[in-house]
Amino acid sequence: MAQRPAAQQPYWPDEAALDDVERELAGLPALTSEDEVVDLMRGMELVARGSALLIQGGDCAERFHEAVPELVRQKVDNLQGLAAIMRAGSRSPTVAVSRIAGQYGKPRSSPFEAEDSGRQMPSYCGDAVNDPEFEPVARTPQPRRLLTAYECSRLVLDELRRSWSGRPILERVYTSHELLLLPYERPLVREGTRGAYSGSAHFGWIGERTRQPDGAHVALAQAVHNPVGVKLGPTVSPEDAVALSRTLNPERVPGRLTFIVRFGAKDVDRLLPLVVDAVARHGAPVVWLCDPMHGNGVRLSGHKTRLIEPMRSEITSFTRVLQERGQWPAGLHLEMTPDPVTECVSERDEEPRFTDYRSTCDPRLNPEQSAEMVSHFLALL
Ligand code: PEP
Ligand code: CO
């Protein structure tokens, strides 16, 4: 089969080293088991039927040095807490999927980044690719980092599975990340008893920048039977969404495909109704999930941030549009951290605003802010 075009792949200077890494990854055990993937699919089926809610959340980019039990526990507890709020507030089961154990590769709007002085460097593409330090060696993509990503994901998963003990299958936190770096993802596709599945995650999604219908990422997601997601931003047409739903869910399996909508507060009222109607009429079944983060980025006093008010407003619009069409607003996709950061801010916050900004990528909600988003969503149901 001819190689499909692959968007957003870093430029790896050492191709031979990259080939070696792919071979090594292919020889390592899968990180996730097919049985776990099937367990999550059962939960996603309930979500698709409108009998359960879904909360997906975690860091924009995980860091290698955070792959330690104590920090993993904090992240899992943080998401588990939000899932508990959803269960209590809706009296529905709630499926919890974290952005964890593999969220080490980042698509970037520009391949280069400039300092105020004008000095340019390749962009930081996640710990699986390079290091955020603004320095030429650190920013050079290193293939062996993909193996470190595997090792860190394994450590994180070990800890995550410890949190499962004594919990019903539906109350476990599952793993997810963006299926972005093909030299990492392809060798981790494994043959199971039900066909090929991705052994890198339980749930994988395709980003807004890599969802080309004839592209390599859609082909990868097509080849595996995990539950998968696709981010939909404001450039998606209703026809694109219909085509994606049919390509990725040809057998119309409830829960197989989630559309993670991130139109932004300004565009969601105008664009979402057309997309939802087209998919309902001509497409295959999907779960509708609201990502109020990625369409609402702004720059304030030199910081990449997101304001609470437009995020709330996107959640409101998303929920109303789906409800008006008899569709199930399944839940939220959030970038969040258990740390008390001040990366996202409110219009009402007093200066100085960014006293604790730690993210190397997108701004995250702190625990108070993420609980507030969940309560806001629940109040609309
Ligand atoms: C992300 O989820 O971190 C991301 C890059 O999202 P999107 O593809 O929606 O821009
Ligand atoms: Co992000």
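Including glycine, each Cβ sits where the backbone N, Cα and C put it.
As recorded in TrEMBL:
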type    : residues                    : note
BINDING : C60, H294, E335, D362       : Mn(2+) binding site
BINDING : R99, E208, R209, K231, R262 : phosphoenolpyruvate binding site
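Considering only the binding-site residues R99, E208, R209, K231, R262, the residues lying within 10 A of C60 (Mn(2+) binding site) on a C-alpha to C-alpha basis are R99. The Cβ of R262 (phosphoenolpyruvate binding site) has E208, K231, L232, G233, D291, P292, M293, H294, G295, H333 as same-chain neighbours under 8 Å, each 6 or more residues away in sequence. Each of the binding-site residues R99, R209, K231 was scored by other CB atoms within 10 A of its CB, and the lowest score goes to R209. When the binding-site residues E208, H294, E335 are scored by other C-beta atoms within 10 Å, E335 scores highest. Checking the binding-site residues E208, R209, E335 against ligand 2 with a 6 Å cutoff on the Cβ atom leaves E335, in sequence order. Distance noted between the C-alpha atoms of D362 (Mn(2+) binding site) and R99 (phosphoenolpyruvate binding site) is 13 Å. Counted within 10 Å of its Cβ, the other Cβ atoms near D362 (Mn(2+) binding site) come to 18, all protein chains included. In this structure, C60 (Mn(2+) binding site) belongs to neither helix nor strand by DSSP; it is coil. R99 (phosphoenolpyruvate binding site) sits 8 Å from E335 (Mn(2+) binding site), taking the CA atoms of both as reference points. A sphere of 10 angstroms centred on the C-beta of C60 (Mn(2+) binding site) encloses 20 other C-beta atoms. Those residues of the chain, other than C60, H294, E335, D362, with a C-beta within 8 angstroms of the mean position of the Mn(2+) site C-beta atoms are M293, C361, P363, R364.
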